[in-house]
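Going by TrEMBL, these are the annotated features:
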type: BINDING; residues: A:Cys12, A:Cys113, A:Cys161; note: [4Fe-4S] cluster 1 binding site
type: DOMAIN; residues: A:12-174; note: domain 'NADH:ubiquinone oxidoreductase-like 20kDa subunit'
type: DOMAIN; residues: A:198-267; note: domain 'Cytochrome-c3 hydrogenase C-terminal'
type: BINDING; residues: A:Cys203, A:Cys224, A:Cys231; note: [4Fe-4S] cluster 2 binding site
type: BINDING; residues: A:Cys240, A:Cys258, A:Cys261; note: [3Fe-4S] cluster binding site
Amino acid sequence: MANLLWLQGGACSGNTMSFLNAEEPSACDLVTDFGINVLWHPSLGLELGENLRRMLDAIVSGEIAMDIFVFEGTVVNAPNGTGEWNRFCGRPMKDWVADLAKVATFTVAVGDCATWGGIPATAPNPSESEGLQFLKREHGGFLGKDYTSKAGLPVINIPGCPAHPDWITQIVVAVATGRGGDLTLDEFQRPKTFFTSFTQTGCTRNMHFAYKVSATEFGQRKGCLFYDLGCRGPMTHSPCNRILWNRVSSKTRAGMPCLGCTEPEFPFFDLEPGTVFKTQTVMGAPKDMPTGVDKAGYIKLTAAAKAASPAWAEEDLFVV
Amino acid sequence: MSDEDDKLRETIRSLLAGGLEVEVFPRADTHDEVQAIVGRLQANGDLKDRLAIAGFTLTPIEHEGIEQACETCMYYQVHRCYCELPELDVPVEPQWSCRLWRI
Ligand code: SF4
Ligand code: SF4
Ligand code: SF4
């Protein structure tokens, strides 16, 4: 039996929605088959008011063990560092987070807001939001860079806007079944099993990427979304085309560019007008190159690939 | 390549060879410059005006050490010899160029 507590800070509930839509295992399977005891969750918890407060106090005091502390949403510090804009159970949520993180065996940040601040922390960041252990790319966040949970791990970051249900459930199951120590994390504390490959890995438009055939409209069957529509698939670490959404598709398969939602800088360019769904260029070349590619190499490769492209690459083709 | 494409390509060629004044520079180096040119193209349906706004030339333009020719542009369809940029949407030749070139 593993006790799980899930709280929300500055959040839209997107990760809760994602989690509740999980299949194989579903949220119910976690309870019935994997021995997870949900102490409380904003959409599932039964306790209210004083009863909830008593439960939280009992967790903080150690009377109730908390094996997994899941946090969704940003830690809100406004106004002026007090956290009063996000009160929960009689005190600022940030104070609960500080106390609960100290007694958690594992601490898991779910979604971009909890991992790096996400959309709420975008400039000018009026809610003074930050992630549990990062603010965008900067290590530290609310808990500080030296934080480790009782199991000796830093915050396990499961980014995404929202995170895929399987990324959440599989990490929760690993922890609940005693395999938490086997998790290996990347430099941004994301489980490597999910976040080493790119969104582009498994994308059905890779042929068009290779032959430099561009999609110029959303939902277009043929063409790669990198050249014109701002797809960040080649530089975003995610398994979106390996572990499909709803088990059937992904953004890029459906003709919608990857927005890079698993990376700390998301949303990119602080959402300046004209920067979303549009490849940013400098002197005609993409501003952001695929990971590991330099500009000179890119130009040579793409010119050659274009010249070598077969006729079928320019024709309408089902890629979903 | 269709006859229709060939005819239009020929019209464009003779317009440019006949001295149509076009805005070859400044090239669209930044996102804002691209947007400004694309906006003008969207507001103008006349072929001559659009060739002028886009800065069409019959030979590649070398800009900042990069040769900008239709054949390496991401909007260029190799087999149809066609510019797929929705705001242009015209038949071209591999060695032509315009200031919206991008790779
Ligand atoms: S659509 Fe995006 S993810 Fe797919 S091949 Fe193109 S750049 Fe890569
Ligand atoms: S495709 Fe990109 S934007 Fe969409 S969920 Fe995956 S990583 Fe996020
Ligand atoms: S956008 Fe590209 S393909 Fe089209 S005319 Fe300009 S350089 Fe040629």
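Glycine residues also receive a Cβ, built from the backbone N, Cα and C atoms like all the rest.
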Out of A:Cys231, A:Cys258, A:Cys261, which of these binding-site residues is nearest A:Cys12 ([4Fe-4S] cluster 1 binding site) by C-alpha distance?
A:Cys261
Can you give me the Cα-Cα distance between A:Cys258 ([3Fe-4S] cluster binding site) and A:Cys203 ([4Fe-4S] cluster 2 binding site) in Å, rounded to a whole number?
11
Beyond the listed site residues A:Cys240, A:Cys258, A:Cys261, identify every same-chain residue whose Cβ lies within 8 Å of the center of their Cβ atoms for the [3Fe-4S] cluster site.
A:Gly160, A:Thr199, A:Arg232, A:Gly233, A:Thr236, A:Ser238, A:Ser250, A:Lys251, A:Thr252, A:Leu259, A:Gly260, A:Thr262
Taking each of the binding-site residues A:Cys12, A:Cys203, A:Cys224, A:Cys240, A:Cys261 in turn and counting other Cβ atoms within 10 Å of its Cβ, which one has the fewest?
A:Cys12
How far is it from A:Cys113 ([4Fe-4S] cluster 1 binding site) to A:Cys240 ([3Fe-4S] cluster binding site), counting Cα to Cα, in Å?
19
List only the single closest residue to A:Cys261 ([3Fe-4S] cluster binding site), chosen from the binding-site residues A:Cys161, A:Cys203, A:Cys224, A:Cys231 by CA-CA distance.
A:Cys161
Round to a whole number and give the Cα-to-Cα distance in Å for the pair A:Cys224 ([4Fe-4S] cluster 2 binding site) and A:Cys240 ([3Fe-4S] cluster binding site).
16
Could you tell me which of the binding-site residues A:Cys12, A:Cys113, A:Cys203, A:Cys224, A:Cys231, A:Cys258 have their C-beta within a distance under 6 angstroms of some atom of ligand 2?
A:Cys258
